[in-house]
Amino acid sequence: MSDRSLSELGEQGLLPLLQAFCPAEQRGDDAAILTPPAGQQLVVSSDVLVEGIHFSEATTPPAAIGWRAAAANLSDLAAMGATPAGITLALALPSDRRLSWLQQIYQGLDRCLKQYDCPLIGGDLSRSPTATLAVTALGWVNPNRVIRRSTAQVGDWIMATGTHGLSRLGLGHLLGEWTLAEPLRDQAIAAHQAPKPRLDVVPLLARSQPAGTVWRVAGMDSSDGLADAVLQICRASQVGAVIEALPLPATTSFDRDRLIQAALYGGEDFELVLCLSPDWAQALLELLGEQAQVIGQITEKPVVQLRLSDRTEILSLDRGFQHFTTH
């Protein structure tokens, strides 16, 4: 089929092409049917990606838009301790957008979903002057093993998986804000365009739980930055924190101050930030190895303080990205 515009194909011409990405048993009806595993509860997460706000041609090829749309929502499931059950994708697009662009969106989405064993189970199409993707992810969770933001306690260790700041470095390189050298450049661009939701950590939490203890894991993902994650957990749990280490990219070729700001406030790293009792945290570290580190501790005073060898500062939500603000 030639690379026609969406207006030339029309909705009825598009639907069979897009339904091919869904399992056969989920095609053709008005809604999807899911059967919950015994003893599991449903977890639902929604996300919207708007062209010019969340992605642009300069930084994100269509396949990467699809991958990121899936990854962001799968990361929310991981942050709740859930496993994926399915995803829906609704799109509103300009009528002159090309079919190849839309197909690449679905191909990127499909690659991500297959990697994490999650089916595409539905969606919708509409016309709009601005390209917009609305994703809903559904997952299953054992109600006795939910991760909450509100359960951190004084004395908990704060753990962060992976590296923070890479996505922001990649975005800055693509926007021309700075030039990264190899191998950091490829690592940073990959982190921005193809983030990896940490669903692998969810089963390890159960495996590392100390015998005879009650399930209590506080956490969330770091989609809006490491500082935001710690601050949101502390706000919900009515506690504070001291951060004494940061999981920065391993490089000596980039300014340290920028690395720190990227890790704290850059966002879109889609790692997990978890608060656990010290013995539980230590057991999880032994399973994750270099994929995680302890970055601080929960304190009673409701302030989040960064305390590194070369700086001390109070962290604030005002420094990170927020919709409807001008900074």
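A Cβ is built for glycine as well, from the same backbone N, Cα and C atoms used for every other residue.
All protein chains shown were included, and the count of other CB atoms within 10 Å of the CB of Ser45 (Mg(2+) 4 binding site) stands at 19. According to DSSP, Ser45 (Mg(2+) 4 binding site) sits within a strand segment. Residues or ranges marked as Mg(2+) 4 binding site in Swiss-Prot: Asp30, Ser45, Asp76.
The Cβ of Asp30 (Mg(2+) 4 binding site) has no same-chain neighbour under 8 Å that is 6 or more residues away in sequence. For Asp30, Asp76, Asp221, the entry in Swiss-Prot reads Mg(2+) 3 binding site, with the evidence type sequence analysis.
What Swiss-Prot records for Ser46, Asp47, Asp124 is Mg(2+) 1 binding site. Within the same chain, residues at least 6 positions away in sequence whose Cβ sits under 8 Å from that of Asp124 (Mg(2+) 1 binding site) are Thr88, Ala90, Leu91. For the recorded site, Asp124 (Mg(2+) 1 binding site), the DSSP three-state label reads strand.
Cβ environment of Asp47 (Mg(2+) 1 binding site): Ala69, Ala72, Asn73, Asp76, Ala134, Val135, Ala137 lie under 8 Å away, each six or more residues apart in the same chain. If you look up Swiss-Prot, you'll see Asp47, Asp76 marked as Mg(2+) 2 binding site.
Residues annotated as substrate binding site in Swiss-Prot: His54, Glu268, Phe321. For Glu268 (substrate binding site), the same-chain residues that are 6 or more apart in sequence and have a Cβ closer than 8 Å to its Cβ are Ser167, Arg168, Leu171, His192, Pro195, Ser223.
In sequence order, Ala218, Gly219, Met220, Gln232, Ile233, Ala236, Ser237 constitute the residues six or more apart from Arg149 (ATP binding site) in its chain with CB-CB distances below 8 Å. As annotated by Swiss-Prot, ATP binding site applies to Tyr106, Gly123, Asp124, Arg149, Ser223.
In the three-state DSSP classification, Asp224 (Mg(2+) 5 binding site) falls within coil. For Asp224, the entry in Swiss-Prot reads Mg(2+) 5 binding site.
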Distance [Cα-Cα, Å, rounded] between Asp224 (Mg(2+) 5 binding site) and Gly123 (ATP binding site): 26
Among Ser46, Ser223, the most crowded of the binding-site residues [Cβ within 10 Å]: Ser223
Of the binding-site residues listed as Ser45, His54, Tyr106, Gly123, the one whose CA lies nearest the CA of Asp221 (Mg(2+) 3 binding site): Ser45
Cα-to-Cα gap, Ser45 (Mg(2+) 4 binding site) vs Tyr106 (ATP binding site), nearest whole Å: 19
For ATP, whose listed binding residues are Tyr106, Gly123, Asp124, Arg149, Ser223, the greatest C-alpha pairwise distance in Å: 32
Cα-to-Cα gap, Ser46 (Mg(2+) 1 binding site) vs Gly123 (ATP binding site), nearest whole Å: 13
Those residues of the chain, 6+ apart, with a Cβ under 8 Å from that of Tyr106 (ATP binding site): Leu18, Phe21, Gly66, Leu89
